[in-house]
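Down below is the structure, laid out as structure tokens.
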Amino acid sequence: MPKSKELVSSSSSGSDSDSEVDKKLKRKKQVAPEKPVKKQKTGETSRALSSSKQSSSSRDDNMFQIGKMRYVSVRDFKGKVLIDIREYWMDPEGEMKPGRKGISLNPEQWSQLKEQISDIDDAVRKL
């Protein structure tokens, strides 16, 4: 129904003030919902930035070098603990970035690997 009122009010010259009021009300209605959405987005980005700063410092604490540009790292991903064995590379800015080569183990898989270390060592010695 509001669309028909707009058409009628725009066609008649006597209701110009009514159409201006309608336009102002519509503008206010449109502006009001947008403001909270923008505030939420900026809050989310600031939270993301602060969490990324925290994760980068904790990532350094949980990285153990096992070779040239190869590391074992312990991290939290979507609420799950993962043990990564991964190669890293240096980007042009000098930052270390994770490479494609690597594997992520959950704690159960990590325990199974640790239990089989002696068997793996024996197999390496035989070769």
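Glycine is treated like the rest: Cβ placed from N, Cα and C.
When the residues Ser11, Ser52 are compared with Swiss-Prot, the one annotated as phosphoserine is Ser11.
Ser118 is the residue among Ser12, Ser118 that Swiss-Prot describes as phosphoserine. Per Swiss-Prot, the residue annotated phosphoserine among Ser9, Ser51, Ser73 is Ser9. Counting residues 6+ beyond its ends, the region 'Interaction with ssDNA' (77-101) has Cβ neighbours under 8 Å at 66, 69-71, 107, 109-110 in the same chain. If you measure from the Cα atom of Lys68 (N6-acetyllysine) to that of Ser118 (phosphoserine), you get 24 Å.
For Lys68 (N6-acetyllysine), other Cβ atoms within 10 Å of its Cβ number 7. Helix, strand and coil counts from DSSP across the region 'Interaction with ssDNA' (77-101) read 0 helix, 18 strand, 7 coil.
In the three-state DSSP scheme, Lys68 (N6-acetyllysine) is classed as coil.
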